[in-house]
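K.L.:
If you scroll down you'll find the structure; I have some questions about it.
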Amino acid sequence: MTQTKLKHDPFQALRISDYRSFLFGKFMVTLSISIQTTVVGWQMYHLTGSNLHVGLIGLAEAIPSITMALFSGLVIDSFPRKKIIVSALSLLSTCSLLLLILVVPNMSWILREFGSYPIYGVIFLSGIARGFLNPATAAFQTQLVDKETFPNAATWSGIAWQTSLVLGPLTGGMLIVSGLYFAYSVDLLLMSFGLILILLVKGKPVPKKPESNESIWESLSSGWKFVSTHQIILGAISLDLFAVLFGGAVALLPSFTEKILGQSPEIFGILRSAQGVGAVLCAFFIAAKPPKKHSGWILLSCVFGFGVCIIFFGFSNDYRISFLCLAAAGAFDMVSVVIRHTIVQMHTPDHMRGRVSAVNHIFIGSSNEIGEFESGVTAEWLGVRRSIVAGGILTLLTVGFVGTIAPRLRKMQLKDIL
């Protein structure tokens, strides 16, 4: 092997113009969603005064997102992925506009008359869009870079995603102080700009799908069959599913910040961004030194570390300690995201990527929203602090269980599949 092949280029994916446009467009979209999530959570808590109502936001998005993902994978594998992404982003832009309309002074009667239901309705629509957007985006990324460049592209996607999760809550917290109308205006502007950037992306054509005599039902279920018969993929996404489901402490931050820490919206925004801060710092390290060896053990160890950080966060009484706990959790999560995303995409043939990405979205993407609902419900039953600590403990138990039943995942090394 030559010295050129041995040298690792941390900016390899960024040298591809199509990927750069895609990355910045995706960043703008995720930043918009992150701001919107922060503002809607704060708005709902102050509209209802209930952690359960805040948790129901996640459920309102998860139900349509999961439902759409059941068949969106087949659509993504059958039609141009870029067109699906653009259509989903157009619907998300419409949702941003509707949230803005709901806080226009002349339209404030809608929330007075119908309470929180119009907000849930808009979030439901956004869930439909994300049921197509997330798996389509994951599958489309493989049309922008080659196999050798993919781990680097996944790392930079993680950096962009986590940076938006840093800036989104920080920006959202500051925008809340300026008023909901201004906050949702910025949300709409960013979403529209992201849509324009993605329209500029071309992408390589998808290789022709092999001839198949499968029925529609067999095609729809083939993604599930593929995942269930591949222990490494199933183990990786199951691990993340339950870690995200049980470790969704950020959903309780409005209540935790105000009632336990006694802090302002600005501190809420800072804490909401803490996981992103840790993740971004970690991602730059991963870009320079990707976890290609002992990847399975690293994945399990990082999810375990994530659970420990959530437990310490649940016991914290100072916002600075809370920030450090969440930042460390974000760093551990970043490593697991890069490893999992590379496993799923590199173990999957291109003609199946839409369906497998849809299954991955159901496991991972929707678990964020269901995790918010679970956190809201358990907080009503157990209290905020006990709910967070219990979630962290369940995450640790999940790592032990998955590590025991998935030996191939423990032994997996990314260097063997790249």
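Using the three backbone atoms N, Cα and C, a Cβ is placed for every residue, glycine included.
All TrEMBL annotations are machine predictions without curation.
Quick paste from TrEMBL:
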type     : residues : note
TRANSMEM : 21-42    : transmembrane segment
TRANSMEM : 54-76    : transmembrane segment
TRANSMEM : 88-111   : transmembrane segment
TRANSMEM : 117-133  : transmembrane segment
TRANSMEM : 182-201  : transmembrane segment
TRANSMEM : 232-255  : transmembrane segment
TRANSMEM : 267-288  : transmembrane segment
TRANSMEM : 295-315  : transmembrane segment
TRANSMEM : 321-343  : transmembrane segment
TRANSMEM : 388-406  : transmembrane segment
K.L.:
Using a Cβ cut-off of under 8 Å, list the residues of the same chain at least 6 residues beyond the transmembrane segment (267-288) that approach it.
P.N.:
8, 10-11, 38, 42, 152, 155-156, 158-159, 162-174, 176, 250, 253-254, 256-258, 261, 319, 322-335, 337-338
K.L.:
Look at every Cβ pair spanning the transmembrane segment (21-42) and the transmembrane segment (295-315), keep those 6 or more apart in sequence, and say whether at least 3 of them are under 8 Å.
P.N.:
no
K.L.:
Please indicate, using numbers and ranges, the residues of the same chain that are 6 or more beyond the transmembrane segment (388-406) and have a C-beta under 8 Å from a C-beta there.
P.N.:
231-232, 234-235, 238-239, 242-243, 246-249, 252, 256, 300, 303-304, 306-315, 374-375, 378, 382
K.L.:
Counting Cβ pairs closer than 8 Å, which of 54-76, 88-111, 232-255, 321-343 has the most of them with the transmembrane segment (295-315)?
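P.N.:
Highest pair count goes to 321-343.
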K.L.:
At a C-beta cut-off of under 8 Å, are there same-chain residues at least 6 beyond the transmembrane segment (88-111) that contact it? List them, or none.
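P.N.:
Cβ under 8 Å, 6 or more out: 29, 32-33, 36, 40, 47, 118-119, 122-123, 125-126, 128-130, 132-133, 136, 180-181, 184-185, 187-188, 191-192, 194-195, 198.
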